[in-house]
Amino acid sequence: MNNNKEVPQNSVAVSSSSSAPITVISPQQDANNFIKKRRTALRNRIYAIVRHKQKQHQIFLDKKNQQQQQRVDDATQRALLEKQDQQCIAATRMIEEELLKSSRSFEEYFDLRTFDARVRTILQQLGTMLSQRRAAAAAMNNGEAQCITSTRAVHTSISVSNSFQCGRSLVPINCTTATAGAFSIGPDMQTHHSTGANHQMVEVNRPNMNQITCGISSPLITGFNGNCVPVSANIPMTSQDLFNATHFSTLPQPFLQPPPDQSHMHRYSMSNVASFGQSNPYPCGVVMSSGSMAVAQNSIPWNNPNPMQGLDPTVTSYHSNLQPMQQTPLPKRQLHHPLWNTNFQSAPNNRDNLPQVSQQLSNHGSRQHRGQHSQNLYPGQLQNQDRLLPNLTQQAMALAAPVMHVPSKQVNEDCGQTSSNTVLRWIPFMFHARHCKAKKDKCASKFCFQARKIVKHIDCCKVPNCKYRYCLGTRMWLDHFKQCKSISCRTCVAVREYMEKNKYTIVPLRRAKCSSASSKCQPKKSSKSRQAYKKGGAEAPSVDADLQRSIKRPKLHRPSQNITPETKSISVTGCGVVCKPHSLMNMQEKDGLQSLKVEAMPMDIDVPGASEIPVTRELVKHVAEDTPKGNNCGGFAMVEKTSCLLAQGKSKCMNEMSAPKEENVKQSVEVVDASKMEISSLVELFTPEQVKEHIRSLRQWVGQSKTKAEKNKAMGCSMSVNSCQLCAVEWLVFEPVPIYCSPCGIRIKKNALHYSIAVGESRHYVCAPCYNEAREKLVFLDGTSIPKTRLQKKKNDEQVPEGWVQCDKCEAWQHIICALFNSRRNHGESTKYTCPSCYIQEVEQRERRPLPLSAVPGATSLPVTSLSKHLEERLFKKLKEERQERARLQGKTYEEVPGAESLTVRVVASVDKVLEVKERFLELFREENYPSEFPYKSKAIFLFQKIENVEVCLFGMFVQEFGTDSGPPNERRVYLSYLDSVKYFRPTFRTVSGEALRTFVYHEILIGYLDYCKKRGFTSCYIWACPPLKGDDYILYCHPEIQKTPKTDKLREWYLAMLRKASKEDVVVECTNLYNHFFVQSGECRANVTAARLPYFDGDYWPSAAEDLLRQMNQEDDGETKLHRKGLTKKVISKRALKAVGQLDLSLNASKDRLMMQKLGETICPMKEDFIMVHLQHCCKHCTTLMVSGNRWVCNHCKNFQICDKCYEVEQNRINIERHPINQKEKHALFPVAIKDVPTKIEDKDNNLESEFFHNRQAFLNLCQGNNYQYETLRRAKHSSMMILYHLHNPTAPAFATVCTICQQEVENSQGWHCEVCPGYDVCSACYSKDSINHSHKLTSRSSSTDSTVVQQNGQASQSYQVKLEKLKKLLVHAATCRSTQCQYQGCRKSKMLFRHCIDCTTGDCPICKGLWSLLKLHARNCRDSKCTVPKCSGLRAISRRKQQQADKRRRAAVMEMMRERAAEATRTG
């Protein structure tokens, strides 16, 4: 492609190739490079001398002030230092100009022997020149030189004489007046310069000259030659001359009336020096106004130590033919300066450094310096410039940005030698760019968009000599600023003072850490802070904290060679510089597409009506129209229809400018296979109307109390750029995870002190009372004594903020929860996220279509079992009947009355388990052949409803099914262990019977389950009506505030109402309670009262209580013993107690059984109604056996009397007085009724559904707590349900996020670093990039690590997963018992090798060990062999038992707490 192709004016030269640039340097440029470096060294030496003189003068003034007892405050002192810096820079420039004028040859100018003397001579004349400048400045302020008339361009030539012959030529100095006495430059280097039209540079009769540019406080009228030349109306001035004649103040001054096309200066990039140096982003040194001001292209810029001087984004390219330039807004260019290059320029302020500089120059000699200048402009972007640039232009560019190579170490060690004014603005600006979430062109900073790209690159860059623009320099400065604690470092001290001083005016810097385990709550703003916040200000962030990488989802940049936009190469006549274009489209191109006038203002200006800036544009416009509070609710201005990409044409152009070549292929939506797409957000399945409905719901805050909801709605009405673009709220914190004291089981309250320690895989907590009561400085945790000194003292005040996600298109930020973003699918650059606003735009412009619902598997995609099918069919049938009845009573048709829709019932887990009988209880009944274990099947049943197009989990219950293989007393029994729900069911009206529709649905699910169990052959169901304590959760984590926790009597009545319905449908035969059925002999019951008849369930109340009683009974002393629990005391059951109950033979276990039943009955009796026993089959009134076969003998006179065949035979052999009914003379006859339809053996038609986190409720609750899957609001319930379904469809995916070992922040998928030796040692990219990791082993990138789990596409779990799992468990058992060296069992040899690896592995956390541990846990969960030979099986089962004991202890403690509250309430009412 021809790079010299003519294009219209104001175009930008770009490169069409992504290959490395080829730069050809001419000998003339080599000579100029050598001259540049020597002149740079001389300037530094001049600056050092001037600075030394100024310090001596300042010492004199300080002594004078001390004698006069004058005190100078800090602000005045800082202003004085800044003023001195400006004076030194101005004096250095003047001295160099005088040296140029007085030198007659090249050798004389660079003669170091007489250099110091010449400088001191010139310094003696400095007083007069400064007086002239003060006079000129005073005249300017008085309005004497404020009017600049627009004149046409004139040709000004530079006449020089007195040539010298040294083999090199010096490029002429561009001045507005001819220089006299200067040494000659070759005639071939003389050139004519022309200035363009000067109109629009400064308006005629402008009131104040210093309003042209932000930050001009006092004009400094001086040319490059040092002469004092006042600005007159008939002298054409260029931008270079204007800024050379202008003195910049230290802090920017606000515009009084900023012109719309000249207010592009940025406070962070504002110069403090009165000239343009090599920081000019335009290679030719061209600096122009937004109109058409041009300047000579071969001027020698002043290479000031301040790298950010002269940064003017309103410049445009130079046009050599001087044609009139179009009056269009100028392109926005990226910041460029040597500060961000690999090499820094430093101005030494110590004269001891001058010999080193001189030695470097002398060693340089006449060596060639090829390619030096290209690094100073746009590294890697100049291509074939020998063919593109005229000779004069090349020579001018060669002098445009001289550089002095200084090692990076010197920058860190001697930060005072660099420009403090530059860093004073650059570091705060980097902090702003790191956290700014404003959309493109909406941030007050015009360069924010480019700076954000720099920050994103820096966050992940580890290349020592990175050539990415501004990367290395910024990294060095940030590392130094983070580590520097010296109060003598002027730069760092000034930056911190500047940030503290401007903390209310800097654009808000907000931390956004997702799923952070150690994040703190945002401090409350003061009244001043809140007032500044309303005006668009910000809170002051912690500098050290902000240096931490934010774990909002960062979209990491590819290497520089991969970010070349796909665009045509365009060149500009006259300039000819070929540059790699920005990923950001320049302002000129955008204006051409949109015809939109963009007005940028300095960031420190209070923009009027800032709250009316349309932040989310079209999307929020549509949402706000439907918001009850009015059209302006949410702080958005109702403007014309706009969006993140304002026009379809712009969208197309943006894609062409920013998309890499390999991504610039537009594919049709119709041909994309949804199953192969990486979908990160559920919003991609919505239609635009559904998206708007979702956002409206977010801002209603369903689930919160009325007070909190109104507060959040009010915050949404004052939405700022830092707020989430969906919910309109900025700072949201998760509910803290509840923690419990391991010794006593009591929940540790918020903000309470406690002690913590990690033991094995578990973390234990100890409350302050238990810690203080621990004897011998030891605490017993999990059967292990731990010294108290090892426990860490903590406060239960940890808060975790919600995470953020950034749109890849408009770069707006939203909460992960609001966006329904799946962070588990976030694989960095490969995962694309489109915000709802851009999504609506694309759908409405037909650029994409909503994905099919099958693209993201939901609840309906879960496996259908016979149980779930039975429950769904029954539920839908009952709902239809209820709806028909309601329509009949209301006189409407079936379709006219609302009903519950989109309901899905699924069995999410069905696992075989074994319940081991506790040791002491088993020992008590060993002689009676009591079973040592009870096999059962644990099932988890969940109800989902699609609410606002998201399937939300509303109801869940865990059940235990003991079949015919369990044996008595658990044979054919079902235990409803846990049940939970959240109050989001739709609709919310009541049924015909008066109950809520959600209650009706939940009751029907329970009745349907009992009906299913009865048909399978189960005889009874047991329910413990025990509500959780306030703040605790059973299944679903964090309930909404609008849902009250029911008291025990309310919950019991809820169950009994359900059972009454079931009785009417003949599902339930009889209801009683555990105490009346087993602890007392009522009526004609002839069964023994023994604990051996009690059904033994996992997690039930009485098994653990009985074990505690037996432990007390085994104690030998007669006195009292204090339990190590809260100072409570209980009496020991002694021999005297056994004699008191009539048990004379103390050695018999029956005596202990009888005494234990008595004590246990005393405990249960006050709450006996809570232990509900449901009979699904008829119960024999004599032996209390539930009859399943044969006949039941019924009495026609007595309604509820029936006995089994066995008891009937015994009844016939009794004497007449003992027959039914007892104590009555007239005896009743019994008639047989055949028992039918009860299966002889209980078999489950459904296959097992293994699940690591759904096999019991504690594992599921741990999953929700560890990932903050909360349900206290509908917005969080949607996201939590989405993630739960993700885990169900991806059983092999990691369940918990990886946490950084250093900062305790979440490490994203495929990000960060991992140690292959140390288990659990992971480091995020931010901590890794700080080079402060003291780890002895090599860290491996997690993106390339072999232990990264590959998630199945679209969450579709393999159908053979369960089958493979069963085969692996069988293989594990075989390999553990096999002793043959020639075993032919498939996989046996590999399994043995796997065992040997785990034994020899020193890491214990390698991928192989992790896989084996997962398999061992699955085996131990269901293992029934007490002498199992599988490695670690017994240990894993012991750990599981201890965890279950802790859970049981907490539940019993909660029951006792409720009993005490109930007793206290009864005392108060009585």
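One-based numbering along the chain as shown.
Note that Cβ sites are derived from N, Cα and C of the backbone, with glycine treated the same way.
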Of 76-128, 129-181, 606-658, 1295-1347, which range does Swiss-Prot call zinc finger?
1295-1347
According to Swiss-Prot, L979, D980, S981, R998, T999 bind acetyl-CoA; so which of W1054, W1102 is the extra one listed there?
W1054
Quick test of your reading of Swiss-Prot: among 1-20, 321-340, 821-840, where does it put region 'Disordered'?
1-20
Closest of the binding-site residues to H1337 (Zn(2+) 4 binding site), Cα to Cα, picking from C1195, C1198, C1207?
C1207
Average pLDDT across the zinc finger (1295-1347), rounded to a whole number:
68
Nearest recorded site to C1195 (Zn(2+) 2 binding site) by CA-CA distance, among binding-site residues R998, C1300, C1327:
R998
Write down the Cα-Cα distance for C1327 (Zn(2+) 3 binding site) and D980 (acetyl-CoA binding site), rounded and given in Å.
41
Can you count helix, strand and coil residues in the zinc finger (1175-1238) using DSSP?
12 helix, 15 strand, 37 coil
Cα-Cα, whole number of Å: C1324 (Zn(2+) 3 binding site) versus H1335 (Zn(2+) 4 binding site)?
14
Under a criterion of Cβ-Cβ distance under 8 Å and sequence separation of at least 6, what residues of the same chain contact C1180 (Zn(2+) 1 binding site)?
L1186, M1187, R1192, Q1202, I1203, C1204, C1207
So among H1220, C1315, C1327, all listed as binding-site residues, which is physically nearest to R998 (acetyl-CoA binding site)? Use the C-alpha atoms.
H1220
Tell me the Cα distance separating C1303 (Zn(2+) 3 binding site) from T999 (acetyl-CoA binding site), rounded to the nearest angstrom.
46
Listed in sequence order, residues with CB under 8 A of H1220 (Zn(2+) 2 binding site) and six or more positions away:
E1084, C1195, C1198, F1201, I1203, E1211, K1227, H1228, L1230
From the DSSP assignment alone, can you count helix, strand and coil residues within the zinc finger (764-841)?
24 helix, 24 strand, 30 coil
Within 10 Å of the Cβ of C1315 (Zn(2+) 4 binding site), how many other Cβ atoms can be counted across all chains shown?
19
